[in-house]
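Annotated features in Swiss-Prot:
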BINDING   11-16, Asp36, Arg41, 89-93, 130-132, Glu165, 276-279, Arg346  NAD(+) binding site
REGION    88-110  region 'Disordered'
MOD_RES   Lys107  N6-acetyllysine
ACT_SITE  Glu161  active site, proton donor/acceptor
BINDING   161-165, 220-224, Arg260, 267-273, 338-339, Arg442  substrate binding site
ACT_SITE  Lys220  active site, proton donor/acceptor
ACT_SITE  Cys276  active site, nucleophile
REGION    466-493  region 'Disordered'
MOD_RES   Thr474  phosphothreonine
Amino acid sequence: MVEIKKICCIGAGYVGGPTCSVIAHMCPEIRVTVVDVNEARINAWNSPTLPIYEPGLKEVVESCRGKNLFFSTNIDDAIREADLVFISVNTPTKTYGMGKGRAADLKYIEACARRIVQNSNGYKIVTEKSTVPVRAAESIRRIFDANTKPNLNLQVLSNPEFLAEGTAIKDLKNPDRVLIGGDETPEGQKAVRALCAVYEHWVPKEKILTTNTWSSELSKLAANAFLAQRISSINSISALCEATGADVEEVATAIGMDQRIGNKFLKASVGFGGSCFQKDVLNLVYLCEALNLPEVARYWQQVIDMNDYQRRRFASRIIDSLFNTVTDKKIAILGFAFKKDTGDTRESSSIYISKYLMDEGAHLHIYDPKVPREQIVVDLSHPGVSADDQVSRLVTISKDPYEACDGAHALVICTEWDMFKELDYERIHKKMLKPAFIFDGRRVLDGLHSELQTIGFQIETIGKKVSSKRIPYTPGEIPKFSLQDPPNKKPKV
């Protein structure tokens, strides 16, 4: 049996960094090297201030960094020395050419494959960690076969990650399952068993699933599509609840107690974000269209359409509640990350809500406890979001929630940070213009509505009528836009 003693991971991002840190932590006899072309990112991994925020990550890294966990820009040497190479690079949605806006861009995967074969001799296991379309492993193998050399034996596996940002370390230490896909040949199965042995250091054998390569690749896309579908489904019900007087939380509890349905991912909100859900669902849509399955493609496209609708609907509600105009009005945006306990802003609903309000001339004062000012500016300066001067003219980054809300017409909660439940809302109300509005896009203030109304707030929340005198709104009038639109200008910083 092949014994893995040295691991190289290409890509030091949200997947590669935490995953390999946990592997090093759980397998002290294995030397793990995480490499990246981004020198600043590697320097951050080697510093006290890690490049990403994730609860528990710092403690894991510090327990083994410099012992059996290393971060480096020396990619070629790390590949040459490794028994196993993880490919954990970005697979963004294409912004140009065929499949624009839906297909995955595999240029970084291809670059990794070419670099691996160039720097490899003998036997090596190459493992997809990035989310890729079905049969991406076949493309990697074709590159290997076309560049083979004497005694070179590269085995390709699929080992998708199922971690969630904000709970990544917990998910990695105690996964629901580990999925490993490989060729159904003796050589392929030998590679599968070798990778299984790494995870068996801490994962029970019954939680390690082995499949063929294509099933493993599709399982990752399907899992994210199903989770996104759940969110869009409950968000569609939230619109119905607001129209009828029902409470979406009560409806979610009622249906979630049905064991056939379950209660996870039934939290209505302003919409899902993050690097995976939209990208992977669109990739699935494109795959279905390419395979001449238009009905299946349209089905999954509706998951994205509902998410877009929920964001536009929420923004319309803000505008209409503020007497049908937000022009020159100060609005506090609390939360910019796509979810709590992470600093990741990719596809964050806060970007979309900010875009809609900026287009109406609102002055936004934004606060997030983990997203740096520079990242907010870059995100809002994306070509699909703002005009050249909009960010500098309409956006202020606040140092705390109280500063953001001072003199505001409304505060809008876009991220479910726990700290937003503990704010001194009497203090905030005194400093806001009246009537003072709260738009709770994450329902973090459930249970506080009576108290907040007593203070004097007008409250609007997802999936429930709270304020007794609410101005009717007409959802869907805001035009769509996408962060996947091809750039025609450079972002400002």
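Residue positions begin at 1 at the first shown residue.
Keep in mind that glycine also has a Cβ here, set from the backbone N, Cα and C atoms.
Geometry remark: Tyr14 (NAD(+) binding site) versus Ala164 (substrate binding site), CA distance 10 Å. Counting Cβ atoms from all protein chains shown, Cys276 (active site, nucleophile) has 25 others lying within 10 Å of its own Cβ. Counting only same-chain residues six or more apart in sequence, the Cβ atoms lying under 8 angstroms from the Cβ of Ala268 (substrate binding site) belong to Ile234, Asn235, Ile237, Ser238, Val248, Glu249, Ala252, Arg443, Ile462, Gly463.
Within 10 Å of Phe338 (substrate binding site), counting CA to CA, the recorded positions Gly11, Lys220, Phe277, Arg346 contribute Arg346.
Shown in sequence order, Gly11, Gly13, Tyr108, Ser130 are the residues of the chain, 6+ apart in sequence, with a C-beta less than 8 angstroms from the C-beta of Asn90 (NAD(+) binding site). Among the recorded positions listed (Thr93, Lys107, Lys220, Arg346), Arg346 has its Cα nearest to the Cα of Gly271 (substrate binding site).
Looking at Arg346 (NAD(+) binding site) and Ala164 (substrate binding site), their Cα atoms lie 14 Å from each other.
Ranked by Cβ neighbours within 10 A across all protein chains shown, the binding-site residues Gly11, Gly271 are led by Gly271. Sequence-distant neighbours of Leu221 (substrate binding site) (same chain, six or more apart, CB under 8 Å from its CB) are Thr131, Pro133, Val134, Asp280, Asn283, Leu284, Leu287, listed in sequence order. Taking Cβ-Cβ distances under 8 Å and a sequence gap of 6 or more within the same chain, the neighbours of Ala164 (substrate binding site) are Asp171.
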